[in-house]
2 protein chains.
Amino acid sequence: MLTGVKSMVKYPSGSMAAFRKPANKPKLRRAYHHKKGVNFSDRGMTLEQQINESNKYYLEEEIAVVHKKPTPIQIVKVDYPKRSKAVIREAYFRQASTTDYNGVYQGYYLDFEAKETRNKTNFPLKNFHEHQIFHLAKCLKQDGICFTIIGFTSLQRYFVTPASFVIKAWRTKDKSSMTLKEIEDHSIEIKSGFRPTLPYLMAVDHFISVRKVNNDK
Amino acid sequence: MLTGVKSMVKYPSGSMAAFRKPANKPKLRRAYHHKKGVNFSDRGMTLEQQINESNKYYLEEEIAVVHKKPTPIQIVKVDYPKRSKAVIREAYFRQASTTDYNGVYQGYYLDFEAKETRNKTNFPLKNFHEHQIFHLAKCLKQDGICFTIIGFTSLQRYFVTPASFVIKAWRTKDKSSMTLKEIEDHSIEIKSGFRPTLPYLMAVDHFISVRKVNNDK
């Protein structure tokens with residue numbers, strides 16, 4: 001299920017893309033057929049739903065403990081009705097200071113952010129907020145395993161990209177997006193499946209093995 | 001600043017405690033004098049405030065990345081007033097499924113819960129909720145460094161206790177509390193200070209060194 005870095009599929013850029021024929025039709029057909037055979041696909045779930053389901057699976061199977069962080073809220077007013085639970089009547093969204101997900105897997109600290117796009121050829125870097133990039137950089141300094149999960153929903157393709165690459169791209173002057181090719185070249189591609197829905201720990205296993213080879217740990 | 005396990009100070013139990021003379025007066029006096037000399041004390045902060053300040057210090061100094069998780073909220077109704085930020089008008093508190101704090105320190109996953117009591121001789125186990133105990137146990141299985149920070153506010157004493165001991169006590173039938181002596185015997189005591197306010201990573205350093213000796217990592 002885990003596939004490594006693939007050769008680039010040359011999608012034409014621009015808004016006419018959907019009306020053009022793919023450059024290498026037979027390959028795409030084969031890929032489509034293969035997918036139908038072995039995958040349950042993403043079943044219309046958002047990327048967040050897929051990750052939450054995967055985390056639930058990992059938790060139940062005692063494979064990893066990863067949770068999505070709640071949205072930070074500034075609570076101003078709470079009512080305590082009689083014989084009923086407390087109701088928050090006035091509250092405001094606060095700026096988060098971390099990524100959405102973190103947890104522990106075989107002694108390793110995991111930290112990641114998930115983003116999806118309907119784009120077919122690139123991922124706009126403005127989708128990452130400054131606090132997310134800063135947080136990932138800080139966790140990297142503490143030797144956490146930090147990455148992003150990028151979903152190209154129109155293509156049903158999902159990439160686990162090391163935070164180091166995303167941070168570098170984000171910090172590059174005048175760079176507004178990562179191309180699909182760049183993401184393919186620097187990521188582990190994972191296929192949407194059944195249990196877990198999105199087996200992102202297979203990519204983490206790869207990062208851990210690379211780290212072990214490099215004697216970082 | 002980090003002090004190891006100390007001999008028990010024999011506080012009498014019961015409500016008359018405050019009116020009785022301490023059993024070993026000279027020792028208590030010396031301890032008190034010593035504290036005044038080197039510590040800024042807890043400056044009237046709650047345990048949570050002390051930990052948040054410590055985390056801020058650790059973050060700024062690039063020592064560790066630890067955050068308190070936001071309270072999970074179920075949002076039902078949001079108003080979007082013109083020229084003003086969104087206001088949550090109906091929301092409910094949800095049951096958390098984790099502890100309050102987690103993060104990364106030198107490649108290690110940290111997970112902990114903080115509790116305080118005004119008791120002087122024991123800590124009631126009912127202060128730990130089931131989901132906190134379960135979560136700590138799950139993170140332990142993944143080789144996280146898991147603990148609790150227990151503050152005896154009346155004594156101005158703070159203990160970093162390994163989760164394994166707390167879980168064991170919590171699961172012991174008919175055991176309603178951990179005595180101060182038990183906590184002293186199984187914890188690293190930390191002193192409230194200036195920067196950081198509560199240097200709990202000194203206890204974590206101890207846990208890491210023990211782990212290294214045991215070849216767990």
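The backbone N, Cα and C atoms fix where each Cβ goes, and this holds for glycine too.
Keep in mind that this is a model prediction, so the values were computed, not measured.
What TrEMBL says about this protein:
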- B:Thr98, B:Asp100, B:Glu113, B:Gln132: Mg(2+) binding site (BINDING)
- B:Lys115: site 'Transition state stabilizer' (SITE)
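Of all Cβ atoms in the protein chains displayed, 22 besides its own lie within 10 Å of the Cβ of B:Glu113 (Mg(2+) binding site). With an 8 Å limit on C-beta distances, the recorded positions from B:Thr98, B:Glu113, B:Lys115, B:Gln132 that reach chain A are B:Thr98.
Of the recorded residues, B:Lys115 (site 'Transition state stabilizer') and B:Asp100 (Mg(2+) binding site) place their C-alpha atoms 10 Å from one another.
Counting only same-chain residues six or more apart in sequence, the Cβ atoms lying under 8 angstroms from the Cβ of B:Thr98 (Mg(2+) binding site) belong to B:Lys69, B:Asp111, B:His131, B:Gln132, B:His135. Counting only residues at least six positions away in the same chain, the Cβ atoms of B:Glu48, B:Lys68, B:Lys69, B:Phe112, B:Glu113, B:Ala114 sit under 8 Å from the Cβ of B:Asp100 (Mg(2+) binding site). Neighbour counts of Cβ atoms within 10 Å were compared across the recorded positions B:Lys115, B:Gln132; the minimum falls on B:Lys115.
DSSP assigns B:Lys115 (site 'Transition state stabilizer') to a strand in the three-state reduction.
The Cβ centroid of B:Thr98, B:Asp100, B:Glu113, B:Gln132 marks the Mg(2+) site; residues of that chain outside this set whose Cβ lies within 8 Å of it are B:Lys69, B:Ala96, B:Thr99, B:Tyr101, B:Asp111, B:Phe112, B:His129, B:His131, B:His135, B:Leu136, given in sequence order.
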